[in-house]
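> Quick paste from Swiss-Prot:
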- 1-59: compositional bias 'Low complexity' (COMPBIAS)
- 1-170: region 'Disordered' (REGION)
- 81-105: compositional bias 'Low complexity' (COMPBIAS)
- 184-272: domain 'EH 1' (DOMAIN)
- 283-309: region 'Disordered' (REGION)
- 289-298: compositional bias 'Polar residues' (COMPBIAS)
- 339-359: region 'Disordered' (REGION)
- 348-359: compositional bias 'Low complexity' (COMPBIAS)
- 504-539: domain 'EF-hand 2' (DOMAIN)
- 757-789: coiled coil (COILED)
- 764-812: region 'Disordered' (REGION)
- 828-882: region 'Disordered' (REGION)
- 837-847: compositional bias 'Basic and acidic residues' (COMPBIAS)
- 903-1373: region 'Disordered' (REGION)
- 917-959: coiled coil (COILED)
- 922-954: compositional bias 'Basic and acidic residues' (COMPBIAS)
- 1001-1094: coiled coil (COILED)
- 1013-1050: compositional bias 'Basic and acidic residues' (COMPBIAS)
- 1072-1086: compositional bias 'Basic and acidic residues' (COMPBIAS)
- 1090-1103: compositional bias 'Acidic residues' (COMPBIAS)
- 1135-1149: compositional bias 'Low complexity' (COMPBIAS)
- 1277-1287: compositional bias 'Low complexity' (COMPBIAS)
- 1288-1335: compositional bias 'Pro residues' (COMPBIAS)
- 1340-1357: domain 'WH2' (DOMAIN)
Amino acid sequence: MFSGSNSYLGGNSGRQPPQQQPQQQQQYGGFQPNQGFQPQQTGFQPQQTGFQPQPTGYGNVAPLQPNFTGYPLQAQPTGYSQPPQSGFPGGQQQFNNAPQQQSFQTGAPPMPQIPQQFQQQPQQIQQAQPSPAAPVQQPQATGFAAMADSFKSASEPSKPRGRRASKGGAKIPSIRLSFITAQDQAKFETLFKSAVGDGQTLSGEKSRDLLLRSKLDGNSLSQIWTLADTTRSGQLHFPEFALAMYLCNLKLVGKSLPSVLPDQIKNEVSSMVDIINFAIEDDGPAGTNAPSFDSRQSTATPPTIQQPQPMPSNSALLTAQMTGFPGQQNNFSGGFQSQPTGFQSSMQTGFPGQQGGLQPQPTGFSQNMSNPQATGYTGPRPPMPPMPSNFSSNLSPAQTGMQGGMIAPLNSQPTGVPGQWGLVNAPATGLPNIDLLQSRMMPQQGREQGNFTTAGITGNAVIPWAVTKEEKTRYDSVFKAWDGFGKGFIGGDVAIEVFGQSGLEKPDLERIWTLSDHGNKGKLNMDEFAVAMHLIYRKLNGYPLPAQLPPELVPPSTRNFNDSIGAVKSLLHQESDFRKNSGATLLPQKTGLKKKVREKQVLLDAIDFKDENAADEDDALDRKDRREAEDLYRRIRRIQEDIDAHPDASLRNVDSGAERRAMKRQLQTLTDKLPDIASRVRRTERSIADAKLELFRLKDAKAHPGSASSIVGTGPGGAVTESDRLKARAKAMMQQRSAALTGKKIEISNDDLDAPKRLEEENLKIRTEKENNERMVQDVEESVRDFSRGLEDSLKDGGESSSSEHEKRRWEDGLGVEDEVKDFIFDLQRSSRSAKVRTDDRSREAPTETSRVSSAPAARSETPSSQPSSTPTPSAGTYSQYKTAEDRAAYIKQQAEQRMAERLAALGIRAPSKPGETTQQRLEREKNERAAKLKQAEEEDARREAERQARIAEEQGVAPHTPDQPKEITKKPPPPPSRKAARSDASERKFEEDRILKEQKSQIIATNELEDDAQRQENELAKEREAAQARVKALEEQMKAGKLKKEEEKKKRKALQAETKQQEARLAAQRAEIEAAQARERELQRQLEAIDDSDSSDDDEGPEQVTPQASTPTQGSQEFERKEASPPPPPPSVPVIVSPVPAAATTTSLPPPTPQVTSPVVSPPAETETRNPFLKKMAQSGDASAASTASNNPFHRLPSQELPAPAPIQVQPTGNRPSRVRPEEDDWDVVGSDKEDDSSDDEGPGAGGARHLASILFGTMGPPRPLSAMGNEATSAPHSPAAASPPVASPPPPPPMPSAGAPGGPPPPPPPPPPGMGAPPPPPMPPMGGAPAAPPAGGRPAGFLGEIQMGKALKKTQTKDKSAAATAGRVLD
């Protein structure tokens, strides 16, 4: 019927070269741009090319874009320039004044959409051509109003689309919100309407401006927005806005914002939001796939139109001729295909002379043309080669008219609506590389490696936006190949493999997935997969990916779903409007009420059935619970009977809390003593370390006389201070000066550098030992702490917590339980008490018989309160003897005391009482135990004291005095009773308890086993305590041994100090002699220089030379005083020593006369004794008292008695020389004795010796000083004796001599160190005795030098330890 004719005027013909434009204008010779033909009633407007378009379709046809005809140099728009409207209502067509009416109102067949890249080509081509502007085409008055409207330009404003079109302001339903008041809701409505204007929602910006006025912080406002925006649309409906204002009010009044909205508020807001959304009408037209130039956001640029190759000759081409105008078809030789456009019986349009209906009008090219056009549908049509126009819309020919004289409407061909998804034909140029792309996308081996590139599948072909049918077929086959299980979709992991085979970049594939996966489902169905593949194909051919999916690529499933939602909303809205306007909502609906009644009846029946089933189940559960409860009651009764029958049942009511608290207090008391003991041990360790260091210094000084260790440190901890170093340097300088005078070289020992090293090594050793002991103490302390913590934890673990106490009160007293359970508990208690009474009655006979046999009748006549004390320890039948509550309480208390005693005994503490005996027996036993312990303690103390005295005697080498020891022993109080007795008592009690338990029933066997376990634990604890006590005793023994060693070291130290003092005295004497010699040499020099002034010089030099007398012999004088204080025989020796004073004064020459010595000596010692408090006592007591005092001292008694013998030996050699220093020595002695009152015996001489050495050093450096320049110590007392001395001695030089002699006499050591007193004095005496023989051998200087040389032998026995005084003082402290 419609055999293969083209449906569109011009089809998809290509452009002709622009060079043909002048010829075409000549062919249309009378047509100017502003003229044209008159509008005819055919609905066609004059075309720019001179042809008038013909209606080739039906109404409701989508807009056809202008197609290009095959005329060279001129684009021939043969389609509609604007979308035609449906039908030809009332339209008339006039062809050469032959009006024909066509009125066909039929549905138009679907027509394919022209691709978007070709929709703007006519305008672009026409703009590029230099042709004059085309006249404005006016619509013809044919009555087609809809068609005229469709030809409006796209720039006209279009109505807003979507369901939220403004309809004169916000519509707020009259629904009351429960979370705000009516006044607040009215205010919020007013505010919302004023802010939102004509819309329905409040935008985010306006919402922010309103909410910021609340002056809340950003975090609160952010939380309020999150809670209020329930739809998550970024906009607020009125209920959401009211909710936001409500939350702001909550925050302003100080309340906290909820983290999640309450369900009631959330439901109200959501319901009101849904009502508002449904109330908005859907006014927008239905979606269409027609391309919109205004809304097009694709950045794709249409491909440039390539100019075709020029034709070889224009003669083969037919010139274009306007259709529908008479007189223009003469130039055509039948080259157009006839196209029926009306009734065949009508006149031919465009061909004069023809009558009778509309004749087919040629609208295309002749069949002999080489470039026919394709016009859309690929149905049955004659094969035609493609035109060289590079446009491949491939529109198929469609039947557009009627044939014959049929009056029926024209039938439409299936050409499709432009833009319809999946029904677009492939372009004329085909789809290049589509086969390669399909094969590449198919599942294949080796795809796991992912080495895919775009090589071989890229190109620059023209691809339409819509998916063509060929593409859809291929993409569906690829989809089915990958969807092996037939799920209808592929997941993301499969899509990664499929799309990755295309070789595109990852960002492009991600964008393609985002565009294809509508709704972000994470999977693609068949249509979405085709969209993704189409986008990949376009990307491979050089097209960029769009920002959003164009309408042509929206899958039908998605579009239909959205349309369905819109349709449902429209229906709901229409129904609600109808019911609201008609008032149907207010009228009751009978059918609805009946339906509800039936539904409720069904629900009630179901509830009744459910309740019956639940009741049956509850009954079954109740019966089961009752059986289980009864079974549990029976088991509890059996267990209670077993508990009552147990022999230790009477002990379960004992209050263990009091016992536990008492043990805690005792443990705390013992723990508190630990720090004090540890601190005492540490102090003892420090004192021992200091003593060891001092002892090493003394031994080192004795072993190395010339070593640097002779420097005694007087600083803290025995550190050597700067003053100590000055003293040592002064002493060394004195030695060097004396060596210079004698002419002998002093050998400096090499030990000076080794002394600090030895001291440091010893100090390190002592410190290491001290640290080891400290670690031991810390270990002991830590172990004791751990032990105490363990005991405390064990006591705590056994204690009752609040929860256990609550449970006890609940299940024993029946508090907080049901009545049935409470009755059961009381029943158990009653049965338990009755069982106890029965067992006590049965077991009373045996204990009563044993008690009658063992105890006296007086014990049986005791009151019930005293009976519990006589009853044996835990037994099953003893509790039944006591009927009253007082007796039972006393019995329980007695049992608790026994257990406490056992625990205390295990801890080593004496138990208060012993079980199984009366009070009188207990008192007698305790008395005997105390007596035995006291006797044992005394014996042990005596033994220890004897051992200590024996050790002391062995270390001292002297047997201890027997009369003194017993006194000390008896004076000492007896030590506390040892813990061994307590432990023995505990073991005895345990043994007796075991014996008593064996005599009772066989049921006690289990109790014995438990007690044995407890006993083993207690024994282990006792062993641990014994070990701890042994360690403590060992530490005590070490402390005692350390004390003994310290005492011995003190004694040795004192002896060494005495020796060093003697040696210092000898050294002082030698120094005095040296100074005297120097003074005499200076005096002789002065006498030689000034012979005339000899008398005056003698008077002046006298007192100057007295200064060395007072300054130098201090050590000797002090030692001499101490010597006098200790032994009785010193008086005869003292006069001999002092007598040389006048002799030396009278004789300036070398030999001092001895007879003059005796006269002045006696008086000064008396003054010295009266001024010294110690010497006063000695003088008052006399010789006998002195002897008795010496005998009372156990340490100095023997040496003091032996002193008289060596005294005369010392006096004889020294008596010749030193006599003049006597008064000065007395003065210094008094000062020294005053000092000794404040300081210890050891500190005095040490400090004095240092000062004397300094004074000697500085005295020898400068000229002699007068008496007025002396220290304060020698000013008061020495003046009187000094005055007496000058008249006796005429020359001043002799005073230094007596100083040399004076120290020679006092070498005997002071009383404190007796052991070394006798031995040291003799060695210095021989050189002193030999001294007088030397002077007469030569002249005066030679005599003095000879005496000094004779004293040189003293250096061999001299110890250069200067630390004696300071060290002794520190030890005494």
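Here, residue 1 is simply the first one shown, and the rest follow in order.
Each residue, glycine too, has its Cβ placed from N, Cα and C.
Have a look at these and tell me how they're positioned relative to everything else.
Nonlocal intrachain contacts for the domain 'EF-hand 2' (504-539), taken as residues 6+ away from its ends with a CB within less than 8 angstroms of a stretch CB, comprise 421-422, 431, 434, 437, 441, 454, 463, 467, 471-472, 475-476, 478-479, 488-492, 495-496, 545-546, 548-549, 553-558.
Sequence-distant contacts of the coiled coil (757-789) (same chain, at least 6 residues past either end, Cβ-Cβ under 8 Å): 667, 670-671, 674, 678, 681-682, 685-686, 688-689, 692-693, 696-697, 700, 709, 1024, 1028, 1031-1032, 1035.
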> Across the coiled coil (757-789), what does the pLDDT come to on average, as a whole number?
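The average pLDDT of the model in the coiled coil (757-789) works out to 88.
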> Give the residue counts of the region 'Disordered' (764-812) per reduced DSSP state, in the order helix, strand, coil.
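Grouping H, G, I as helix and E, B as strand yields 46 helix, 0 strand, 3 coil.
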> In the domain 'EH 1' (184-272), how many residues does DSSP assign to helix, to strand and to coil?
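Counting residues by DSSP class gives 58 helix, 2 strand, 29 coil.
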